[in-house]
Amino acid sequence: MRQRSTQRDTIERDGNVMLHYYSAEAIRAAEAPLLASLPTGALMRRAAFGLATVIGRELVARTGGVAGRRVCAVVGSGDNGGDALWAGTFLRRRGASVSAILLAGDRTHPRALAAFRRAGGRVVETLPPDLDLVIDGVVGIGGSGPLRPPAAAVFGAVDEAGIPVVAVDVPSGIDVHTGAAEGPHVRATVTVTFGGLKPVHALADCGRVDLIDIGLDLEPGDLRGFDAAEVAARWPRPGPADDKYTQGVAGILAGSATYPGAAVLCVGAAVATTSGMVRYAGSAAAHVLSSWPEVIATERPETAGRVQAWVVGPGLGTDDTAAETLEFALRTDLPVLVDADGLTLLAARPELVRGRSAPTVLTPHAGEFARLASGPPGADRVAAARRLAEDLGATVLLKGHVTVIAEPGGPVYLNPAGESWSATAGSGDVLSGMIGALLASGLPAVEAAAAAAFVHSRAANLSAADPGPHSTQTSASRILQHIRTAVARL
């Protein structure tokens, strides 16, 4: 947990620290000096040994051993195919029965293929029976587009048979930069990547991702992600001299006669996130107080009292009163989060947010994004969020299975939810209240959004798993109830 008014910036990737995602170009640039200094093929063998080690662990976990287990590598023409063949060679030395389907024929990596044959690996035309595991070595970080028909046919059979797949660097057929899959692609159980994580590892379903250190010297990039330790370091914790005001007072402008529940959820999430104070202004005051008696409630924002940040929009409606409420918040010099109906109103009056000196956070789903940006985010959600952030001068949290958080001229944070339990009505109202409370505590806008998104997805998963033994459907109210548990487990 963080004491107020302290900062901690961690840039290393070493267990419980900030994650960084690197472009294919950055990885290649970092590989170049190693390739120039090492003997020919040494870097590939280093990567392949790590790959084989992960595959060996997977075989042991699934089947109890490596010797005698049946593995097939599906091999393309590039270095990923070479990695797969060298990994097969190392597995042969441990007693596994390893075969390879060569999709590229005579364009297969020659040194790796020769080593594979010398080790007793077999080249086959079709998938052998009774396989324990398949290695996807079709294309790597330089590939693009869906699987071609021969590879698609092979992996269609793999899927039908339910054989686990370990992908080399990236599941073939998925775009390494956007995570988009626009046709046949590999569905990986595990993805083993080398040197540094790539955007695809957060943006797409890659199964479990294992990162192998091959000695690359990589500078921190501008595509990042928090893990539990980074969130815990930033989450508000009262210091010895703090009182309810110095910890941050969040103001909530939400709810209406039609949607009073949005106010209850948003306010409740702010209460669960902060140890300070939450104020509410709106027509749902009676509903809010019946659920959260610790809240200070009034009907008009002008009479709400002092706050350090505003949340405006959830369930607010889009009538003239709602528009006046949005304008009230955005004309202050305080941090403001705009969500839901507030975003609908803002799409018609973007000048309200452009040029604000105080931080603004916008939290659209894809439909709200389309109204704000005059078009959907498309396949490259990172680029889309960056463009909208630059255009409006605001931090943009683009909701989805992977949440993308962009700020003007700054880094982009990715938050993979892991599962879809948070995709339920009212869940966004909960997230808005959490971010608003973190803004009021003094966190920078992009960090408040990223930290709240992380805890929100954890709370959703915890709520689905409670009481167990298996996860089941959850709701926004239950997500709210698990915020404190999620924070305590950081």
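The backbone N, Cα and C atoms fix where each Cβ goes, glycine too.
TrEMBL annotations:
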- 79-83, 140-146, D169, A262, G315, H365, D429: (6S)-NADPHX binding site (BINDING)
- N80, D136, S172: K(+) binding site (BINDING)
- K399, G400, H401, V402, T403, G428: AMP binding site (BINDING)
- 27-222: domain 'YjeF N-terminal' (DOMAIN)
- 227-490: domain 'YjeF C-terminal' (DOMAIN)
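Using a 10 Å Cα-Cα cut-off from D136 (K(+) binding site), the binding-site residues that qualify among D79, D169, H401, V402, G428 are D169. Across the structure, S144 ((6S)-NADPHX binding site) and N80 (K(+) binding site) place their CA atoms 14 angstrom apart. A 10 Å radius around the C-alpha of K399 (AMP binding site) takes in these binding-site residues out of D79, G82, I141, D169, S172, H365, in sequence order: H365. Listed in chain order, the extra residues whose Cβ falls within 8 Å of the Cβ center of the K(+) site residues N80, D136, S172 are V74, G76, G81, A84, G137, V138, V139, G140, G143, A167, V168, D169, V170, P171, V186. Of all the binding-site residues listed here (G82, H401, V402, G428), G82 has the Cα closest to the Cα of S172 (K(+) binding site). Over all protein chains present, the Cβ of S144 ((6S)-NADPHX binding site) has 11 other Cβ atoms lying within 10 Å. The secondary structure of V402 (AMP binding site), as reduced to three states from DSSP, is extended strand. The binding-site residues listed here (D79, G82, I141, D169) include no residue with a Cα within 10 A of the Cα of G400 (AMP binding site).
Most other Cβ atoms within 10 A: among the binding-site residues D79, D136, D169, that distinction falls to D136. The C-beta environment of I141 ((6S)-NADPHX binding site), restricted to residues of the same chain at least 6 apart in sequence and closer than 8 Å, consists of A24, I27, D169, V170, V176, K198.
Taken residue by residue with DSSP, D136 (K(+) binding site) is part of a strand. Among the binding-site residues D79, N80, G82, H365, the ones whose Cα sits within 10 Å of the Cα of G428 (AMP binding site) are H365. Excluding the listed site residues K399, G400, H401, V402, T403, G428, the same chain places H365, L398, V404, N415, A417, S422, A453 with Cβ atoms within 8 Å of the centre of the AMP site Cβ atoms. Closest to T403 (AMP binding site) in space, going by CA atoms and restricting to the binding-site residues D79, N80, G82, is N80. Close to V402 (AMP binding site) in the fold, though at least 6 residues off in sequence, lie G179, A202, L203, R381, L414, N415, P416, A417, each with a CB less than 8 Å from its CB. For the pair H401 (AMP binding site) and H365 ((6S)-NADPHX binding site), the C-alpha distance works out to 11 angstrom.
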